[in-house]
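Note sheet for the following structure.
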Amino acid sequence: MGSNSDNDNGFAAKPSSSSSSSSSQTLKPLTPHTARSLVDSVDAFLFDCDGVIWKGDKLIERVPEALRTLRSMGKKLFFVTNNSTKSRKQYTKKFSTLGLEVSEEEVFSSSFAAAMFLKLNKFPREKKVYVFGEEGIMEELKLAGFECLGGPEDGKKNITLKSNYHFDHDKNVGAVIVGLDHHINYYKIQYATLCIRENPGCLFIATNRDATGNLTDLQEWPGAGCMVATVCASTEKEPIVVGKPSTFMMDFLQERFQIETSRMCMVGDRLDTDILFGQNAGCKTLLVLSGSRSNTPTNRRLGDKNSFVI
């Protein structure tokens, strides 16, 4: 608990990498022939959500047909999202609202990953968790048995800077989790900063570092990486990242379902998170161009022999 370093068990989050260990190659286009070969070689497909399944509350065209086809072929489907604003239960409800049948067991969100990281690494139950984020993180922490504070309620709080003003924080906070927060304010930044800087051994955990996200159907919006960068600057510390491209969620999924990563395919719209996540874990990868606008032709060079683009 003394520092933001990996623990010695198999579920410690590994430092995320900004580049693939494989030599840089252009992603191969998916043809009818290579598509059939890819499907035949895979037992489980892992899908990102924002920009792949939906944009905001709008389902992306042909997604239901694609999912139904894969299920009819006996493929396992999992949905691995860095968006921490919802819990697995809340995501299941969103899928249902959009007409998709997805079970809670098939959803792996970064909010769930943050709670599981604390649980698997035996975070002391007497310690509290401060949430610089939204309800998804709070709900997953409570389900895991942890006491948490912050979240949406602190989005309503203000700070008045004046002489002799001292900002109090809970000295029993042992971890700060930073995720996407639509209600970011100066109060949350200060609270998270003081906990990390002044509480001995306080963990700094980031759900993810996505710079942008498809939060509506018409444009991209600032992502959790913007909130994480703020706390990095104010604390002069780097976080433990539990979302993509860290392989923590992959390790957890593989342990639970016993599927070889070589028999998985990660489908995503971001090279720096989704595709790198799959490559770091040894999966096949498929980049779709329905989401992130950063995947211009000159940027599509995070490839290997098992990486495709459609």
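Note: Cβ is positioned from N, Cα and C throughout, glycine not excepted.
Annotations in TrEMBL come from automatic prediction, not curation.
According to TrEMBL, the protein carries these features:
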type     : residues       : note
ACT_SITE : D48            : active site, nucleophile
ACT_SITE : D50            : active site, proton donor
BINDING  : D48, D50, D269 : Mg(2+) binding site
BINDING  : K244           : substrate binding site
REGION   : 1-29           : region 'Disordered'
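Cα separation, D269 (Mg(2+) binding site) to D48 (active site, nucleophile), rounded: 8 Å. Put simply, K244 (substrate binding site) is 13 Å from the residue listed as 'active site, proton donor' when counted between their Cα atoms. Cβ neighbour count for D269 (Mg(2+) binding site): 24 (other Cβ atoms within 10 Å of its Cβ, all protein chains included). Counting only same-chain residues six or more apart in sequence, the Cβ atoms lying under 8 angstroms from the Cβ of K244 (substrate binding site) belong to D48, V80, N82, S110, N208, G268, T273, D274, L276, F277.
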